[in-house]
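Some notes on the structure that comes next.
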Amino acid sequence: MTDLLSRLLSERDWLLTDGATGTNLFNMGLEAGDPPEFWNVDYPDRIRALYKGAVDAGSDLFLTNSFGGNASRLKLHQAEDRARELSRISAELGREVADAAGRPVVVAGSVGPTGEIMAPMGTLTHEIAVEMFHEQAEGLKEGGADVLWLETISAPEEYKAAAEAFALAGMPWCGTMSFDTAGRTMMGMTSEAMVAMVETLDHPPIAFGANCGVGASDLLRTVLGFTAQGTARPVVAKGNAGIPKYEDGHIHYDGTPELMAEYAILARDSGAKIIGGCCGTMPEHLRAMRNALETRPAGERPTLEMITGALGGFSSASDGTGDDHVAPDRPRRRRRK
Amino acid sequence: MSDENDDLILSELDDEELVAQMMDDLYDGLKDEIAEGVNILLGRGWAPYRVLTEPLVGGMTIVGRDFRDGILFVPEVLLAAGAMKGGMSILKPLLAETGAPTIGRMVIGTVKGDIHDIGQNLVTMMMEGAGFEVKNIGINNPVESYLEACEEFNADILGMSALLTTTMPYMKVVIDTMKEKGIREDYIVLVGGAPLNEEFGRAIGADAYCRDAAVAVETAKDFIARKHNSRVAG
């Protein structure tokens with residue numbers, strides 16, 4: 001049986017995902033410091049409203065409210081024993097909204113990072129990471145998620161652990177990393193290296209890509225890095241609505257709906273097939289993105305100059321790929337074995 | 001390259017070569033070799049403070065610079081910091097005995113409402129790697145927790161971290177409270193976190209915004225040096 005996402009991917013040139021979860025929930029009154037996953041039980045109507053906001057704005061796929069729903073993150077709120085339950089309920093609510101949409105909408109069970117540094121640098125072992133991801137995956141599966149959706153990952157080891165866990169749960173999945181450090185992930189992975197890693201997995205994702213990071217321009221440079229490798233696997237682009245700005249005691253993202261519409265078009269022209277937003281992306285942004293994707297013709301593959309011209313500059317000169325990235329010569333002394 | 005490289009004996013190197021070799025070993029995160037080098041230099045009568053500053057802090061400066069420039073990434077830096085910490089654990093009791101000046105003392109924590117601690121944990125590891133004493137007070141700190149910890153720990157530096165755009169503004173609450181109590185100038189206040197920028201740091205009255213853990217270390221060293229200078233001048 002083919003999963004819904006694979007079917008839609010075979011029928012359509014592009015799919016629109018949802019936008020921000022956190023930004024929307026804070027607007028509904030989530031207090032900073034409180035785990036959003038508790039709301040699946042405490043305020044299910046607000047979570048339904050979050051999902052419905054994306055569906056009504058034209059999203060073909062939305063992520064469940066379970067990003068921090070692994071035992072490691074929930075432990076910070078003394079709720080490590082609720083990982084499976086909170087994940088399951090996030091997907092059940094998603095199922096209700098998707099099934100009432102009147103068109104096929106994919107419920108993607110969100111799985112965020114553990115927040116731990118993996119061994120040997122840190123303390124999280126591969127086995128425990130797999131166990132935590134597996135527990136969450138089973139919950140999302142029980143709740144009726146169509147696919148699992150790993151996001152905001154920095155360490156390739158953590159990505160691999162999740163892939164293994166999702167195989168144990170027998171679930172199709174997508175997985176994106178955050179490229180926020182000089183064009184690489186915090187742990188140093190380039191877009192190019194991610195393409196290679198994904199193809200080595202025993203249980204590879206349906207689609208892979210980038211989310212969050214540093215604004216829409218950087219994210220598109222990463223997407224160009226993926227597609228330059230000639231990968232046949234669908235690419236996901238889920239960028240932030242611009243850069244957060246601090247004004248008069250509060251924060252807002254500077255990406256307007258018009259800018260995010262430009263971003264969506266450029267993402268498609270860069271070769272991304274699954275396109276959406278991340279932090280700061282609200283239903284009005286999604287509507288503008290949907291409208292642009294539906295009404296504007298596909299264009300040529302953008303250059304870096306076209307991206308910065310439309311969306312603003314990059315945060316770093318290079319993204320660590322290609323021949324232009326040459327480490328300075330650091331003469332080494334003799335090395336011992 | 002050749003076989004003779006394989007049996008390099010640290011104790012046979014003269015001081016200058018040994019320091020250079022230790023800086024390389026630190027760069028490569030070789031914990032055992034760093035501990036060995038520290039003991040050799042101490043055995044040759046080097047003051048603990050000199051061992052700390054020349055090969056160790058000197059070596060970590062290169063690591064920090066390459067991290068800042070996108071040549072090294074977090075995994076390599078953590079290995080280097082781990083090796084440095086191994087050397088530090090030998091030096092620490094000796095430094096205390098000899099009354100050597102400390103590099104600096106820092107309290108760090110995420111602000112009230114923010115539960116994202118991976119960034120500050122990295123900063124802690126790298127600051128310790130650079131020889132600072134760090135008290136990491138964890139997540140979700142109200143202003144009282146910061147101020148109590150700073151006082152108890154006799155901190156030079158207060159570090160605040162936030163990942164969420166909704167929690168960043170709380171940094172200003174902490175700084176404003178410090179001003180009200182007249183203790184703002186007693187501390188160097190550094191802020192960091194993915195959504196922040198220099199403009200934000202200035203707007204809330206922090207001493208500096210640190211883009212990443214390496215910049216945090218460089219900035220901290222810079223401010224501590226200025227503080228020492230002004231004390232000497234004053």
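Glycine residues also receive a Cβ, built from the backbone N, Cα and C atoms like all the rest.
Listed in TrEMBL:
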BINDING   A:C212, A:C278, A:C279  Zn(2+) binding site
DOMAIN    A:3-293  domain 'Hcy-binding'
REGION    A:311-337  region 'Disordered'
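Taking the mean position of the Cβ atoms of A:C212, A:C278, A:C279 as the Zn(2+) site, the remaining same-chain residues with a Cβ inside 8 Å of that point are A:A20, A:T152, A:S178, A:N211, A:G213, A:K238, A:G239, A:N240, A:G277, A:G280, A:T281.
Taken residue by residue with DSSP, A:C278 (Zn(2+) binding site) is part of neither helix nor strand, so it is coil. Mean predicted confidence for the domain 'Hcy-binding' (A:3-293): the pLDDT average there is 94. The number of other Cβ atoms within 10 Å of the Cβ belonging to A:C278 (Zn(2+) binding site), over all protein chains shown, comes to 28.
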